[in-house]
């Protein structure tokens, strides 16, 4: 008796947790969108950059959004010759490294765009993946807020170019210095209290003015009935924050005046308000009014590294959430000025500003509005009636392709003809071509109009069905011309 | 005295060893090439797939080319929730996983293309990086060699579409079964001897027929004077290998006849020769003659997983190597049939065949032949003479962009005007626009034709230089029209 051979278990055919694959139309649609965005970036003078996906942990630094713990949130491992390395978690940290490394060869200012996947080692959830696309544009080495204004204008152009019409989005601009001015006037006890105030400001969208007032003071009973402790400020201390949050006026002039009140005598606050004013002027000169770009003091942006203007693009239309309730689509892009990121490497301050577009969210928005997809068509399928005449079928697809028509021969097992038509259906094929030896002898082919066929199957009576106008015979020599006619018809 | 604060050392601004960044034209050229390749793949009915960059080590398997050791050669790390994971080292192993995972939803045959970076944890060297692009097309679920022939035809089309003219490349086709047939007829002692024979065959290109004869027998003194031990076969035993390697005839018919002699009575060998014959017939029917695709028994392909047809695209022109010596450019693409890769997951054999294009090598070839680059142009630069009139400069670039002209305002420190022109030069700007307050008052701008300026600087006499025809004044209202005229001129 032979000894039993122990078989190795089969590997599981699964992506690692939090990763996914993208097929056909999803890939094509994302590519089409990225191409359009790149065109706008290029028109504005930005140059492409593709940095390596792997960076040293040292170079990446501790700037991961929403993660305070060092080296948490990234995929990292140790290399013998490079020490700890990690997959990039965004495109901004790599840009700072690239600029520091190549600054002697690069032009200054350096306008660059970058698009590609980034990786986050976070808990995956529904619609939340560990690999996703970003599409950034940044200007390094331009100290003027004209650079920030340019980014906002470009962001507005990008949204319209990819298919979000004016009125369906808003680029909202704020300035960290204004916020710093407000905090300065409040005379806070320590950094911890300041951090608590910032966290409270971030909740303004959810809890409103009254809620923020309670949270800055003694605390608040939230919707679930739980009591949330307050920051413990007096009404007088809390006043500047509330003035700041409610400072949005009917127009930019009114908002700026309110902000000036909110910052009191703070010098850094005054600087922030002046920067916002300059941006509003520059954008106005280029025709970007408050229907596209507006000053909105409630924009905070989580990232700690912002030092001046911050901005956010919000889609203002409603979609239905997973429970069927209407809600605002919300933010698809954000950015701001970060003057200290390159300094980490070089010791010298290098001003920088930029924007990051959440490509997958933007695609989701376009799909939700029905502004994506549907236009893709499968190939013409040449079926195989006669295995020995494969060469003749290959000739047909070669002719069709040479005429620019997407076409293929069925290459599965041809025995069951029904399977071939099922395949054509699965591929969204507009046309199937059929030629048995009988047709070959007579120099003809059968053409099956699958678009019309599907329509008849859905709508036609039995009599119409039997008359089968969706299938007809043509001369072999007319193959390309007849199929082109059919495709033009179904395009129309 | 305050305690000394210990400063953290600055991070190094460096990519990890073996990684690099790609800038501007390099990114744009690769993208243009990938777009053209994708168009051909699409025309042939292939669908895009973008699988995750990270795979479980288990799913990737041990198929890394040229690496026999398990899990060597990849970047791998351990995740709490997914176990050992790794960056993909090619696009074929992920395809096998994707097809096994999604086979119930995917059409069969499944034609897919994929393009993107792959990662190899190998010793980096000059021009040899740890992250590089691949661009693959594969057909899964098609048992017929018509699928292999289609891939070869498509590869030929791709090379011509990206700019390699007919005559400058050759797709060479062989079949593993023929080789297996040859080995069968030799009556080898064991697997180790078989492996030694395969390694020797791989050296045929370098050492020629006489060299292989020596290496299969007693051994050989190589060029450096070292003695290389032979496999130790008798002349009779070695004869089939030599017949096989020298079987290439004047045409496919002659080559096939020689191969039939070489395989003797081996059934698997006969199957291989028949498959080659069918491929030659099918390709002939579509007009792909031996000037584009030819049977060449010396093609082996290193990968262990190939089971039938193997192919390779070679560029046949000479380039100069780093020492200035002419040499053949060599292989830019390879592939073949691998019927067992999906079986690893499912237990059932799933036929598959495909090709991988070495994008970076192909780009290098096009650059070596001068068929790439040079066509990129920098933006029109609107200079800043007067910091307070930034809005007016922004208006100019907005007008230019709305007319589709790439344009930007200089956003560095404007104090030194020379720096602005240096910047324009570094950006390859075709035109600089200049407007001081004097010009603004008169409603004009100065236009500096930087293309002509560079030409004059290189060629003109002092008199011509002084007359400065490269700079002239135009009405502000003619800005777009005049610049378009200049750009059209320099395009011509």
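A Cβ is built for glycine as well, from the same backbone N, Cα and C atoms used for every other residue.
Using a 10 Å Cβ-Cβ cutoff, residue A:92 (L-histidine binding site) registers 24 neighbours. Annotation source TrEMBL lists L-histidine binding site at A:90, A:91, A:92, A:120, A:134, A:138, A:301, A:305, A:306.
Restricting the average to the domain 'Aminoacyl-transfer RNA synthetases class-II family profile' (A:31-379) gives a pLDDT of 89. Annotated domain 'Aminoacyl-transfer RNA synthetases class-II family profile' per TrEMBL: A:31-379, in sequence order.
Long-range Cβ proximity for residue A:134 (L-histidine binding site), meaning a same-chain Cβ under 8 A and a gap of 6 or more residues, is found for A:90, A:91, A:114, A:115, A:116, A:117, A:118, A:356, A:357, A:358, A:359. If you take the C-beta of residue A:306 (L-histidine binding site) and look for same-chain residues 6 or more apart in sequence within under 8 angstroms, you find A:176, A:336, A:337, A:338. Secondary structure at residue A:92 (L-histidine binding site), taken from DSSP and collapsed to helix, strand or coil, is helix. Annotation note: residue A:134 (L-histidine binding site) sits in a strand segment as assigned by DSSP.
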